[in-house]
Amino acid sequence: MVKKIIDLEPEVPYHTYTVAETEAQLKTSIIEGLTSDEAAALLCVHGTNELKGSGGVKWYKVLWRQIANPLVVVLLIANILAFATKQYAEGGVILFIIIMNATIGFYQDFSAEQTMEALRNMSSPTAQVIRDEARIVIPNTQVVPGDVMIFEDGDVIGADCRLFEVFNLETDEALLTGESLPVQKNLDLIKNAEQSLGDRLNMVFASTTVVKGRAKGIVSGTGMSTQIGKIATTLMNVDTNELTPLQKRLNTMACCIFIAAVALVIVVFGVHNFRYSSEIAIYAISVAISMIPQGLVAIVTLTMAFGVSRMARAKAIVRRLSSLESLGAVTNICSDKTGTLTQSKMVAVRMWFPGDGFYRISGTGFIPEGEIFRQGETINGELYTQEEKVPLASGSDQLLRTIQASALCNMAEIRRTNHPETHGEWTAIGDPTEIALQVLAYKAGMPKPELVENGFELIAEFPFDSSIKRMSVLYKTPSNSKTDASEHLIFTKGATERILGCCSHYRTGDAEILLKNEKDDSIQADFASTILERVDALAEQGLRVLSLSYRKVNPTPGVDLVHGLDREEVESNLVFLGLVGIYDPPRAESLPAVMRCYEAGIRVHMLTGDHPSTAAAIAKEVAIIPADTDVKNSSMVMSADKFDAMSDEQIDALEELPRVVARCSPNTKVKMIAALHRRNLFAAMTGDGVNDSPSLKAANVGIAMGQSGSDVAKQAADIVLTDDNFATIVEAVAEGRRMFFNIQKFVQHLMSGNIATILVLVVALAVKDNQKDSVFPLSAAAILFMNLCYSSPPAIGLSLEPASETNMKEPPRTSKQGLFSFEVLMDMFVYGIVMAILSFVPFILVLFVFEDGQLGYKCNAGYSEVCEGVFRARATCYATLTFLILSHAINCRDIRQSGWQWNRLKTVHQNKTLWLSIVIGVMILFPVIYVPGLNKNVFKHLGITYEWGLVFASLFIYTAFVETYKFVKRRTMA
């Protein structure tokens, strides 16, 4: 055996290496990264970046699951009894049943396991790396030693890295070190090669989480060579083999049925005074087998596997199998706005400055082409009609300082691609809001790269914090040409109400006006009122409004500006600059998706960080709230401050929970989920940030964004959307409903058929020949063969049924409405009893009317001339029950509507599996009845002639009964 050399090499203490030494050791460059060819070669040497040990799908474990179950044990007992009593034909059929059942179950389970394994790979995290001098996103499994990796707030670090660039980086290393507090990282060289992991501050480790800041590092270890690999555990493990509540209910049902089957064995022997014979024993075992719905759990697994695959094609990756069942019961969807209901292609379209009025910005998307026009203030609510174009890199100092704040208090990047296939298109990396501000800076002629090139130097960064809704940066300005001195400026952006509270001045033109003093606070109140009026005016146009501010800083000698600054102090005494209005148009598919939710009885809530007026404007566009809603006076729209201040009792007293919650924090989302749960509602929640994890876990179904979501959010979620689209959530709910109802359909088909078979077999025990032996209506081989060929295949077909036209036009099922509702249980027994009667009556008619009651002698053991009537009666019973079970599959396509309507019959192409199973079942029936030797010796019946009239009469009566029964249900049941 060949072992990987990398597993045997001693650990390289990269924390003792300088950045240059690390580059040399790993043969990489912090500027250019690896080339694609180098990365491919290293991947061959080191293998994929994943932990070895799960071992993937083990075929022998899947096979063992097919053998180690009560059904196979009973079959094996029957098989042993058959061969022991020299009933080789029955033994051969039973053995064939065992092999076929195991083969089908193995194929279904193994396919499902492979599907889930593939989806686990699809849902694995991604990593940002620099390769071929470009920043790209690759699957984390493709990361290799020497890659230059970039990570930001919320990322789960994909490999061990030696840091070379850090901005306020803090990581959660509790998984490795047990340290509950985040660890602040730096670039200081560590000389001790045996330094503990928690003190290796110039390193980050795989599977730890970025709590704050951002950084770049050189990958030093991947896969099993990481620190987490050495203790063989990972945050990324997800148990996709957990039993769902549905599977648990089915398993409970199977156990009850097994107990009933044992009881039936006792009944069969009891009727024969517990006298043992091979025929009685095999018949008893066969009766028990017919009680158990063969392959039920396998078909459920297959249904879920198909559901997972269909959802993956619809761009929803299922991370937890239990969420499939939950989706169909969702009553409320709590959705974010940006990127989910909207396009997430934000563009800055308006600005407002104190004393200078409104500005308009032209252009759309990421293309930094557009012009800025000064419009001035309003007169009686109307804008000046005369616009003044602002030349590039010019305008008032107030405008220029605002553009600087937009460009520098910003981590987004926009660039023109050089790839020939994209024809030089502009692309953007970063938060959509920051991208819009960066594009604005380009349009104004002051892009960030140009400002940095001209001497603006980033000193410290305070990342956006959702709890205070602000972000700040500290920059050192270029040296003044006259004084040869530079300044330090703080730029802050965020929600208007959070920025205003930090401001002591506002800027108008070149002057900085004091907002408040010790004697009079009214100046600030008046100014705040003016600002909020302008915010409302912009927000009512559907714009997301940000406020920008700045201040000059005179550094205290000896204070470390990188690590020694207090955020609260930094974000105080700011100078208010102005407002920027950003528009994010709704997705074209959002409105139809929301309307589809209303048809399905699902209520949609928008929980967003935007201003109430902005959120309400978009909510009106996508019909979450009526178009004529008065935002200020309606309970449908509420700010998070108001909602969070309410007690649980006050929230529960509301007639309806708010449809729109603005300025939402992560805690607000958790509170909304709790409020929904107290009303016994079933909630789905979307999220993308680190702080969204609690609400994603609290929701019945947590849905993370695959494109914009952090790795922490994806790990907490049940489902990940690869396109971040609200319409995909609705498709997932529809798929969840389809899957649940299909399981209900095939369980009803299997159980109705089993009830019919059991009743025929048990009631027929009363028909006895002259020797007081019961005359069996079906042979053991016929019973087993019927279960294999006429019950399970149509059930598989029913599991693949397309969604009905009313699938998303009916209210969600309640939490109490499980798989076996009263109506479903009633249908099972009604259909089963009617099929039993219509199968048993032809058996009796042939035996006692057409054959004059010739019951023969030992007809259960084999054929003789005196048994001809019994054998023909068996064939009639077998053919009748077969046709009824096959036609019942068509009946089970809808619980109330007719399965024989032309608009349903013409949809053969939508479920070829179902119709193919029925056609093949009918074709198999005739050889079983007419092939010499096979009919007499194995199935113990003869070919029939006039008896077909009884078969088709029973089929006609059953169809008429079903249609009448469903008609009555439609008229009498709600």
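Numbering starts at 1 and runs along the chain as it is shown here.
Backbone N, Cα and C atoms are what each Cβ position is placed from, and that goes for glycine too.
In TrEMBL, annotation is done automatically, which means it is predicted and not curated.
Database features, via TrEMBL:
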- 13-87: domain 'Cation-transporting P-type ATPase N-terminal' (DOMAIN)
- 67-85: transmembrane segment (TRANSMEM)
- 91-110: transmembrane segment (TRANSMEM)
- 253-274: transmembrane segment (TRANSMEM)
- 280-306: transmembrane segment (TRANSMEM)
- 746-767: transmembrane segment (TRANSMEM)
- 779-803: transmembrane segment (TRANSMEM)
- 824-850: transmembrane segment (TRANSMEM)
- 870-892: transmembrane segment (TRANSMEM)
- 913-930: transmembrane segment (TRANSMEM)
- 950-968: transmembrane segment (TRANSMEM)
One stretch in 253-274, 746-767, 870-892, 913-930 has more Cβ pairs under 8 Å to the transmembrane segment (950-968) than the rest, namely 870-892
In this predicted model, the domain 'Cation-transporting P-type ATPase N-terminal' (13-87) has a mean pLDDT of 78
For the transmembrane segment (824-850), out of 746-767, 870-892, 913-930, most C-beta pairs under 8 A are with 746-767
Under 8 Å Cβ-Cβ from the transmembrane segment (746-767), and at least six residues away from its ends along the same chain, one finds 250, 264, 267-268, 271, 283, 286-287, 290-293, 296, 299, 303, 774-778, 783, 786-787, 790-792, 794-796, 798-799, 819, 824, 827-829, 831-833, 835-836, 839-840, 843-844, 847, 855, 877, 881, 884-885, 888-889, 892, 895
